2 protein chains.
Amino acid sequence: MLQRRLLQQGARLTATRSGDVGGAVTVLDSATAPERLRDIHTLIFDCDGVLWRGSDIIRNAPEALRVFRQQGKRLLFVTNNSSKSRAEYASKFGSLGLEVSPEEIVSSSYCAAAYLSSIGFPASGKKVLLLGWSGVEQELQLAGIPFIGGRELEVPAMDNIDSMKQLKVDPSIGAVVVGWDPNFSYSRLVYASVCLRELPGCVLVATNTDCADHIGGGRMMPGTGGLVRCVETAAGATAVNVAKGGEWLLPYLCRTYNLDPSRTAIVGDRLDTDIHLGRQGGLFTCLPLTGVTTLERLRGLPVGELPDVVVPSVAQLAGLD
Amino acid sequence: MLQRRLLQQGARLTATRSGDVGGAVTVLDSATAPERLRDIHTLIFDCDGVLWRGSDIIRNAPEALRVFRQQGKRLLFVTNNSSKSRAEYASKFGSLGLEVSPEEIVSSSYCAAAYLSSIGFPASGKKVLLLGWSGVEQELQLAGIPFIGGRELEVPAMDNIDSMKQLKVDPSIGAVVVGWDPNFSYSRLVYASVCLRELPGCVLVATNTDCADHIGGGRMMPGTGGLVRCVETAAGATAVNVAKGGEWLLPYLCRTYNLDPSRTAIVGDRLDTDIHLGRQGGLFTCLPLTGVTTLERLRGLPVGELPDVVVPSVAQLAGLD
């Protein structure tokens, strides 16, 4: 029995080499995993929980990417995090020793702008009300989409009914985009709700609907999902989720990057976003155990919801350790 | 044909006397409605949309209450609004010419405190984290339940991951209460989420889950429902809804006021809260058309979801107008 210590904070896994470790879940290793990617041309990587955790690189992740590139595979990096732009993400990759270009990065901040472009929003002459952070701001600017909100608080205080009755919103707003927003407030909620209820054709876009994210030390921080549910409930609207977990992203990726789903794999640690996206589109699905999903959780799943491959980490998927 | 003009802002209804006005929906009038209440001992009134709309009293509502009192019926006033305490509500009733004592008022602010008392919270030595307004503050004080939050902002700014990692919450918090909260913010959400995820036994209480409220001029303001969904999603918790629409309220009312459901009617304008509460508990259900529910909406309903009686307003239910 080969004892294998994971780099994952907290959880530890002891598994036999390629052994069955409970029910239908088999954890492959560096000897058996690479063969499963032989016919794969494109690898779509989730980032947090796969390549890094917070500010800690997963062991041998940079080397794994180099191996895949040497094999001639195309790499894409798709993250539901909306706080950074593509350019900001490229800096983060570089600082962790990962060689990645901005064009290979599909952050949900970028997806929000790409979705609006795909529906012709930039030519509409309309503005976005942004409940979000710098990443979405930068991507909207690059796509030529004007916005109000973002990091600047421009909403009057809505602390009584009279202020809400008298509120006049900018009538040129045509979309509300909700991302991770540490400036989220009741006043912003009122403004967004009035736009969505009263401005004809105003659409609601969610950068993602993730409920919460691990930030280390066993702590979780509220994700964008709660903010989206809040706006949806108050406005009686349904958001378009442009990230993993939604319906828009995969057809967009296939169209834009000319992907053949049968030759594409997704490597991600979340069942509800990464593995869901992959199964939804007929992709090959790989789950490394360096993120939020534990072996215990996998053991409880019906076979139809399991990923195609489970590996201790992305290193084993590349034949490394 | 008797033309009848409603006091309702916006919508107008033209109906024959006691006539069938579409499908299974019959709108009773002052000649036919009172007979249906003959065997009713207790009337539970919703307030906004039944007795008043915003700051406008519904015509003959004070006289209708006098008629019911003269008939020896007991009156209760149950509202999902959490912004006021019982005492504050009694003042509002008085200012509109409605003679009502605080003991007859069951506001959702009061329900939050009553629920916590019903589970023994005051004796636990624990505090409440309140995301809410003065009404809940006052009711918690009257029930002897200490709290932090409320109208005072006591939460440090949570605008980056480090601040969230370092956040230390008050370990004596045993419940998070979410009501209408114009101070709601991402920082408050983080604090509530950490309490619910990390403090053993910490419970989540919603004063109500109403999505939005009419404030006149065709405008709606975000209700408490969106804030509750936001906290639930971020914390991975399920709130106890102590108001109409939840499971707790009716058994509590029956126990506290010794109600016989078969002798009790509810008069309310909302299908999802008032009529739902009544049908759930086997009460007689009366819907006046002075609130949010229109005849068109009723016509689209299956018979099993219709109220027992539809009246133009509470005045006709008392044989007036």
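Cβ atoms are placed via backbone N, Cα and C, with glycine included.
Together with B:Asp46, B:Asp48, TrEMBL lists one candidate of B:Asp269, B:Asp272, B:Asp308 for binding Mg(2+), that being B:Asp269. According to DSSP, B:Lys244 (substrate binding site) is assigned to a strand segment. In this structure, the CA atom of B:Asp48 (active site, proton donor) is 8 Å away from the CA atom of B:Asp269 (Mg(2+) binding site). Recorded residues B:Asp46 (active site, nucleophile) and B:Asp269 (Mg(2+) binding site) have their alpha carbons 7 Å apart, per Cα-Cα distance.
Other Cβ atoms within 10 Å of the Cβ of B:Asp46 (active site, nucleophile), summed over all protein chains shown, number 26.
Within the same chain, residues at least six positions away from B:Asp269 (Mg(2+) binding site) with a Cβ under 8 Å of its Cβ are B:Asp46, B:Asp48, B:Gly49, B:Val50, B:Leu287, B:Pro288, B:Leu289, B:Thr290, B:Gly291, B:Val292, B:Thr293.
Listed in chain order, the extra residues whose Cβ falls within 8 Å of the Cβ center of the Mg(2+) site residues B:Asp46, B:Asp48, B:Asp269 are B:Cys47, B:Gly49, B:Val50, B:Leu51, B:Thr79, B:Gly268, B:Arg270, B:Asp274, B:Gly291, B:Val292.
B:Lys244 (substrate binding site) counts 29 other C-beta atoms within 10 Å of its own C-beta, drawing on all protein chains shown.
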